[in-house]
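Engineer: Structure provided below as structure tokens; questions to follow.
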């Protein structure tokens with residue numbers, strides 16, 4: 001009987017290892033699928049990508065030639081500041097006058113000394129490589145907290161963009177510095193450290209003014225969270241930091257400093273435009289065109305604020321009240337509300353910019369995966385989203401820009417805007433109780 005039992009059990013024992021291996025392989029394949037699709041794996045995928053980016057970034061530095069564009073001009077402007085020139089109208093570089101706020105000078109003064117008065121280009125590239133990796137970490141922390149974007153998208157946000165690697169480590173522009181500080185401020189907002197976040201936001205503005213495109217969204221969030229009176233101290237922090245940083249130059253020539261560093265009417269050269277190549281140059285330079293873009297920008301911001309960001313049922317003027325005195329009980333801002341409003345505010349500004357130059361790509365590159373994937377839309381499949389992302393990348397990599405590349409960029413922007421407009425409400429009815437903020 002025992003022999004019979006062993007005989008009858010033998011086929012099962014022989015087939016058992018094969019069955020185990022089959023189950024293990026099936027589970028491994030399933031987990032790999034989930035690894036790329038489930039946002040809960042963001043940190044794991046992000047860690048692997050950051051490790052890969054260390055090699056890729058330093059490979060780019062050593063294999064691709066550095067291109068001088070603005071670095072020498074930055075260093076010349078910094079040297080003038082170090083030599084005691086505090087009149088902004090007298091600070092010049094090879095490419096023209098200094099047009100950035102004071103924070104730029106202080107940060108690049110540190111780079112001036114770290115790179116042997118700006119002459120050690122490899123050292124500067126290594127510093128910007130570290131800045132690139134830090135920026136990635138800050139961005140991944142944002143995506144981890146929102147838990148909306150499938151991790152497979154991050155491959156396209158990291159390794160696939162030659163233009164972004166070039167902006168950071170082959171061109172050494174100041175735009176990456178401003179954006180790194182901006183992403184740090186968003187992480188602070190997500191941690192409910194609103195005062196420190198506003199301080200860091202203002203510091204980012206002091207490096208380059210493009211960060212102000214996030215300001216309408218930030219103002220809306222501050223009013224939502226604190227009301228008018230509660231938001232005033234946060235806004236005062238932003239203003240005070242600008243005054244402190246610019247004080248040496250304001251004392252020397254206040255009009256010169258303000259007109260140079262915060263010149264909102266500065267004219268752009270048509271030869272560098274990425275987004276308006278299909279227009280005649282006369283229209284591109286015309287003041288009426290600029291005013292029309294500004295009107296469209298402000299109108300769309302107002303529409304989003306009224307119809308998409310503010311959906312509590314109260315008048316938008318209720319945001320001016322103390323949160324405890326509103327009809328709708330005060331609610332904590334969720335990570336997705338904070339990020340979606342800030343990213344959307346910036347994206348609307350990008351869409352209606354008077355001109356986008358190649359280095360401006362970093363103004364919104366790292367926000368595109370969120371804008372495309374975080375807002376559910378049945379009509380926009382993963383494949384279509386990747387197509388939009390790819391066309392945007394192609395448009396920014398077309399040099400010089402063409403009428404087709406500019407038109408394709410606007411078409412992609414329109415698709416993203418449409419998805420944002422059709423997305424579900426940013427402020428759902430059921431939100432966790434408000435937490436203590438500071």
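For all residues, glycine too, the Cβ spot is worked out from N, Cα and C.
Dumping what Swiss-Prot says about this protein:
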- 13: phosphoserine (MOD_RES)
- 41-61: transmembrane segment (TRANSMEM)
- 95-115: transmembrane segment (TRANSMEM)
- 123-143: transmembrane segment (TRANSMEM)
- 149-169: transmembrane segment (TRANSMEM)
- 172-192: transmembrane segment (TRANSMEM)
- 203-223: transmembrane segment (TRANSMEM)
- 231-251: transmembrane segment (TRANSMEM)
- 289-309: transmembrane segment (TRANSMEM)
- 332-352: transmembrane segment (TRANSMEM)
- 356-376: transmembrane segment (TRANSMEM)
- 407-427: transmembrane segment (TRANSMEM)
Engineer: State the non-local partners of the transmembrane segment (123-143) in its own chain: residues 6+ outside its ends, Cβ under 8 Å from one of its Cβ atoms.
Structural biologist: 39, 42-43, 46, 49-50, 53-54, 57-58, 61, 66, 71, 111, 114-116, 149, 154, 157-158, 165, 168-170, 172, 176-177, 179-180, 183-184, 186-187, 190, 339, 366, 369-370
Engineer: With pairs restricted to those 6 or more apart in sequence, evaluate whether the transmembrane segment (41-61) and the transmembrane segment (149-169) have 3+ C-beta pairs under 8 Å.
Structural biologist: yes
Engineer: Below 8 Å between Cβ atoms, which of the listed ranges 149-169, 172-192, 203-223, 231-251, 356-376 makes the most pairs with the transmembrane segment (95-115)?
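Structural biologist: Between the stretches 149-169, 172-192, 203-223, 231-251, 356-376, 203-223 has the largest tally.
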Engineer: Which of 149-169, 172-192, 203-223, 231-251, 289-309 has the most Cβ pairs closer than 8 Å to the transmembrane segment (332-352)?
Structural biologist: 203-223
Engineer: Near the transmembrane segment (231-251), which same-chain residues lie under 8 Å Cβ to Cβ, leaving out any that are not at least 6 residues past its ends?
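Structural biologist: Counting only partners 6 or more residues beyond its ends, the transmembrane segment (231-251) has Cβ contacts under 8 Å with 86-88, 101-103, 106, 194-195, 198-199, 201-203, 205-206, 219, 222-223, 225, 257-258, 261.
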Engineer: Apart from its near flanks, which chain residues at least 6 from the ends of the transmembrane segment (172-192) lie with a Cβ under 8 angstroms of it?
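Structural biologist: Distant contacts of the transmembrane segment (172-192): 69-71, 74, 100, 104, 107-108, 124-125, 128, 131-132, 134-135, 138-139, 141-142, 145, 198, 200-201, 203-205, 207-208, 210-211, 214, 221, 335, 338-339, 342, 359-360, 362-363, 366, 435-438.
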Engineer: Are there three or more C-beta pairs under 8 angstroms joining the transmembrane segment (407-427) and the transmembrane segment (289-309), sequence spacing 6 or more?
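Structural biologist: Result for the transmembrane segment (289-309) with the transmembrane segment (407-427) is yes.
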Engineer: Same-chain Cβ contacts of the transmembrane segment (407-427) under 8 Å, 6 or more residues past its ends?
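Structural biologist: Contacts with the transmembrane segment (407-427): 274-275, 278, 300, 304, 308-312, 331, 336-337, 340-341, 344, 347-348, 350-351, 368, 371-372, 375-377, 380, 388, 391-392, 394-396.
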Engineer: In the same chain, who gets a Cβ under 8 Å from the transmembrane segment (149-169) while lying at least 6 residues past its ends?
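Structural biologist: Residues 35-39, 41-42, 44-46, 49, 52-53, 56-57, 60-61, 64, 67, 125, 128-129, 131-132, 135-136, 139-140, 143, 175-176, 358-359, 361-362, 365-366, 368-370, 372-374, 382, 386, 389-390, 393, 396-397.
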